[in-house]
Amino acid sequence: MAKKALVNKANKKPKFAVRAYTRCQRCGRPHSVFRKFGLCRICVREMAHAGELPGVHKSSW
């Protein structure tokens with residue numbers, strides 16, 4: 001889990017737009033965040049396996 005101070009810092013509007021970055025809404029992870037879901041890859045995988053993301057299923061070939 002991310003520190004609360006870092007999550008609060010990410011939620012504030014930065015002085016310059018290029019400084020803004022996405023964080024996972026569930027765990028606060030700053031890297032590998034899917035914009036479509038607002039979640040990191042780890043949370044997307046866990047929630048997809050649990051069936052908590054509608055329209056998403058595990059592919060196999």
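Cβ from N, Cα, C; glycine included.
Straight from Swiss-Prot, the features:
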BINDING   C24, C27, C40, C43  Zn(2+) binding site
Neighbour count (Cβ, 10 Å) for C27 (Zn(2+) binding site): 14
Cβ neighbours within the same chain of C43 (Zn(2+) binding site) - under 8 Å, at least six residues apart: C24, R26, C27, R29
Chain-mates of C24, C27, C40, C43 with C-beta within 8 Å of site centroid, Zn(2+): R23, Q25, R26, G28, R29, V33, L39, R41, I42, V44
Protein Cβ atoms within 10 Å of C40 (Zn(2+) binding site), excluding its own: 22
